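Undergrad: Sharing a structure below in structure tokens format, with a few things to ask.
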4 protein chains.
Amino acid sequence: MPTILGQNQYGKAENRVVKITRDGDTHHIKDLNVSVALSGELDEVHYSGSNANVLPTDTTKNTVFAFAKEHGIESAEAFGILLARHFVDSCAPIHRARIRIEEYSWERIATSDANSQFIGADEVQHSFVRKGQEIRTAQITYDGEGIQVLSGLKGLTVLNSTNSEFWGYIKDRYTTLPEDYDRILATEVASVWRHNVTGAEGERMPNWEKSYAQAKKNMLHAFAETYSLSLQQTLYQMGVRVINARPEIDEIRFSMPNKHHFKVDLAPFGMKNEAADGAVYYAADRPYGLIEATVLRDGAEALIPVDMTNL
Amino acid sequence: MPTILGQNQYGKAENRVVKITRDGDTHHIKDLNVSVALSGELDEVHYSGSNANVLPTDTTKNTVFAFAKEHGIESAEAFGILLARHFVDSCAPIHRARIRIEEYSWERIATSDANSQFIGADEVQHSFVRKGQEIRTAQITYDGEGIQVLSGLKGLTVLNSTNSEFWGYIKDRYTTLPEDYDRILATEVASVWRHNVTGAEGERMPNWEKSYAQAKKNMLHAFAETYSLSLQQTLYQMGVRVINARPEIDEIRFSMPNKHHFKVDLAPFGMKNEAADGAVYYAADRPYGLIEATVLRDGAEALIPVDMTNL
Amino acid sequence: MPTILGQNQYGKAENRVVKITRDGDTHHIKDLNVSVALSGELDEVHYSGSNANVLPTDTTKNTVFAFAKEHGIESAEAFGILLARHFVDSCAPIHRARIRIEEYSWERIATSDANSQFIGADEVQHSFVRKGQEIRTAQITYDGEGIQVLSGLKGLTVLNSTNSEFWGYIKDRYTTLPEDYDRILATEVASVWRHNVTGAEGERMPNWEKSYAQAKKNMLHAFAETYSLSLQQTLYQMGVRVINARPEIDEIRFSMPNKHHFKVDLAPFGMKNEAADGAVYYAADRPYGLIEATVLRDGAEALIPVDMTNL
Amino acid sequence: MPTILGQNQYGKAENRVVKITRDGDTHHIKDLNVSVALSGELDEVHYSGSNANVLPTDTTKNTVFAFAKEHGIESAEAFGILLARHFVDSCAPIHRARIRIEEYSWERIATSDANSQFIGADEVQHSFVRKGQEIRTAQITYDGEGIQVLSGLKGLTVLNSTNSEFWGYIKDRYTTLPEDYDRILATEVASVWRHNVTGAEGERMPNWEKSYAQAKKNMLHAFAETYSLSLQQTLYQMGVRVINARPEIDEIRFSMPNKHHFKVDLAPFGMKNEAADGAVYYAADRPYGLIEATVLRDGAEALIPVDMTNL
């Protein structure tokens, strides 16, 4: 046979699991999208169609829902670790499991003490509105020995309306861009970071919820506080800030489109449009600069895959 | 000629205009997507291709950007009124202008006083993160005499994890749904409401920003505080609350998909999954119930179009 | 009570029903997305939450699937008529049903007689590839007496690389657009047309499949063959052609974004970029001109709603 | 400094370039979305914000458009090779260029000889309708020495209405899926394949257009002609067929969601719904099985990255 099988994996993607926890009248919600990918002794299902080594994707789906009930969902990372270990440890032909999770955040609807006609209205603790800001992500991989935990976020759109310049670049035959000493800098942050945990017995895990909140906060602060000469410089400072602030994180990668805001030329209408006076901008869709880079704790190994987009 | 021209309109859609206002080092941002639709004496452009009565869509785009600089953007509604009046009043063949606006909200990045190495870091007032919760909408129509102002929102996803029941419905040959006395009620609210303004000279306009914030707040409170026997009942209470709280609003329409959260059947695994104990749900995509209705102040005319979706 | 209920409707949206018909080894496929909206005596479900007059949306879903088996799916229109009649005629509180359908087309995979190692391979008649060109639509409304049938399509993207001009338009203070005597004309056609059927007993229905194919074909021909001085002129010719060719169609509405293809300015690089020589264009996303109009058979009533977009 | 910079790249993404070629009255169209990513001596732009080694992303955009005019667009692959070589060979700090391209196909509108009132109508050769079936992709990487060329497609949705079974799989505590001996098999194919070209001087390149058409055709035939016991088996046969048929291709990877079509349970309505009689199916959205694998010519190296989705 002149062809052979290479890397392969399978599983159920996008299991939309919602877990409510009731603490008296106070409810809590976890809202996840869980994708399972399994690898192992799976040559025959490709070669002959024998499913003897195949745990059906439908079963992996059932497991996600059953585990949410049995174990609750403390955090995306902790839930992913449980699932990844389960598939490899309980199913002999499966040697590696990768769990990818998206998490959607909700905040409580702060009900009204002013609406006195609604007795007890201010005590409602089971009503939520989706935050909608960024999507939190996690990826847990387990190969029967160690685990790797990546956390991340996507869709976090930020904008500085000043303190950004762009000049001093290479000019070749095809360069027409004028230098700019006061521009808008805006991007939609996608980021993945790697925790230095190994899954060794007795290892103490980070507080995943706090770690995430702090990583996001540091990223936002660095974005706001960096006087930027290039989006790359801002990106790097965001990575530095996260790694300096969080000892549990060794590596972080960003994919940041430069969401161009072009100053509109109003000269034909006899009008000035200077940044210093508060300008009007056209928010462009495509094309856009796309800036991608990894920042590492000195000595750490680069393990996060390079591709965060298909573009 | 056996065919004739019916209703028609044209203009530039989706002008993505961002206006920064500088108040010293404190910046403000307005981020809109403005669509223009004009009607009038436009038969000939359809019949013969004569553009003699056509203000180019490119000009309507330029006008949006120039107006943002000349007049600023106080609110989506105020900006839309300016634009609608301009097109009809300044261009003889145009008899009617409809401006539709989407607005994207931003909040300030609360920078860090704790990062003492960044001198003055806590004073950054030009950094923003997109809120991402709902999209605010406005539609202003002007026909040379009166104006109509619709405000609205879309993409506001809410969920009650209890206080929702569904029973006592019609059972026919095709009914299999079991009654439920403790279910999740979740929806993605899209809503449009009509202000009782006319555009008459000297008329006092609402405070559009405050009106919007209060309409949203009342909607959320009613959602949270209604013990629900049907999504229709919740919808109606949301409308009642807005109209009672806001004298400037006479009519409100909602389009609310019932975002089904089905309790997962864990019995095959020997597990119970009761709402009262904190259940696990499967968040379904399609199909979904779609509930649509208008609520009116008694005596008000129904003027909001029925179709808010194509489904 | 100072508020009252206005127009309202409910039902299950986006039922994704696929029906396979087997004719020996030759299979046929119908792939629909069916949305149901019912109206009637539904005040109480809004006012008090009583579901006594409510046929559950879940039941409407079941009905869609059961009808696909019982009656087959001859065409989207015929299927929609069956469903609409059923809900109104079989459920007393329901006075009006509106069925909206999207249809996805498939074509057969033309298998290979050249692959002689696969015996009988060229006879495979159960393999399909989704066409992916346009989405076909239908809307059937029944109020217990008459029916209204709208057919349509969306997502049909067309382009003429010449025979399009734009000049002779109004120039005001905000006009900067240069006239163009040889431009690309491109649009993504969305269209809805109304059949002059009433649902009267014994009425002969159109051949829905043929009617659709011919409407699309005439639309495409008119687009290709019209020397265009404005997108409005092209739109009108498309409507005229459909109405002239199809006696069963009395009214047609189009929503056609002007998908701008801007000639790139290559002068800074010492290059010409003329349409006559075969130019390079930048395909823009936003903003875009949006042209909307109805064409009617003389004497026909305009019944298709104006809004085909929210922009 | 406790942090260091890892892999990084930048460039302009999603340049939407359309090139018309005129051959008398017969026009040809190429419609691409081109993304540029450059790497090299770029540490300083991250560390200090110095842009001394940065060719602006705006310049890379200009280059795409200028090259389309200067060189035409023979194929996505040939155009990408030109661009990749240019950036590395002409700009000293740039050591590696990766060009990713999406291509949208168009077909001619076959105009009407029957419409005799339109003289010459049947000769229109400048009118196109977008095919809309799959999106063609290409990725060209050049590091100053060799090139790597990947071709591919995405969004190709296929369905077999029989000749698919699924049984004989592992049953664990969480397995509830019944075996199925006659199911629908449907998927949306995404595939990337690698050509065994190196970019060596004098090397003869494949006919990229023909190679693509044949790869797609073989993939479709294998899908149709494989009696399937698992989606993995079908996937593998598709890879085998492409590699056997195309000597220029050494490696191919697929990402194929199992687009579940579940037979609807009509028993509650007293109806049977058997595949053999032509069944009614519910086309599910999420979750879905996701099957991914690489097929290699024996002896070839696996170089296509594993991740084709983020799920």
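Backbone N, Cα and C atoms are what each Cβ position is placed from, and that goes for glycine too.
The model shown is predicted, which means the values in this text are computed figures rather than measured ones.
Copied straight from TrEMBL:
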ACT_SITE  C:K12  active site, charge relay system
BINDING   C:T57, C:N258  O2 binding site
BINDING   C:T57, C:F166, C:R183, C:Q232, C:N258  5-hydroxyisourate binding site
BINDING   C:T57, C:D58, C:F166, C:R183, C:Q232, C:N258  urate binding site
ACT_SITE  C:T57  active site, charge relay system
ACT_SITE  C:H260  active site, charge relay system
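Each of the listed features needs to be described in terms of its position in the shown structure.
TA: Taking the Cβ of C:K12 (active site, charge relay system) as reference, residues of its chain lying under 8 Å away and at least six apart in sequence are, in sequence order, C:S35, C:V36, C:T57, C:D58, C:T60, C:K61, C:V64. C:K12 (active site, charge relay system) falls within a strand when secondary structure is assigned with DSSP.
In three-state terms derived from DSSP, C:T57 (O2 binding site) belongs to a helical segment.
Under the DSSP three-state reduction, C:R183 (5-hydroxyisourate binding site) is assigned to coil, being neither helix nor strand. The Cβ of C:R183 (5-hydroxyisourate binding site) has C:S164, C:E165, C:F166, C:H261, C:K263, C:A275 as same-chain neighbours under 8 Å, each 6 or more residues away in sequence.
With a 10 A radius on its CB, C:H260 (active site, charge relay system) counts 21 other CB atoms from all the protein chains.
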Undergrad: Check each of C:T57, C:F166, C:R183, C:Q232 (the binding-site residues) against chain B and write down, in sequence order, those whose C-beta lies under 8 A from a C-beta there; write 'none' if there are none.
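TA: Listed binding-site residues meeting the cut-off: C:T57, C:F166, C:Q232.
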Undergrad: Using DSSP reduced to three states, classify C:F166 (5-hydroxyisourate binding site) as helix, strand or coil.
TA: strand
Undergrad: Sort C:H260 (active site, charge relay system) into helix, strand or coil using the DSSP assignment.
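TA: DSSP assigns C:H260 (active site, charge relay system) to coil.
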Undergrad: Cα of C:N258 (O2 binding site) to Cα of C:Q232 (5-hydroxyisourate binding site): how many Å, rounded?
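TA: Just about 10 Å between their Cα atoms.
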Undergrad: How big is the gap, in Å, between the Cα of C:H260 (active site, charge relay system) and that of C:Q232 (5-hydroxyisourate binding site), rounded to a whole number?
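TA: Checking the Cα atoms of C:H260 (active site, charge relay system) and C:Q232 (5-hydroxyisourate binding site) gives a distance of 15 Å.
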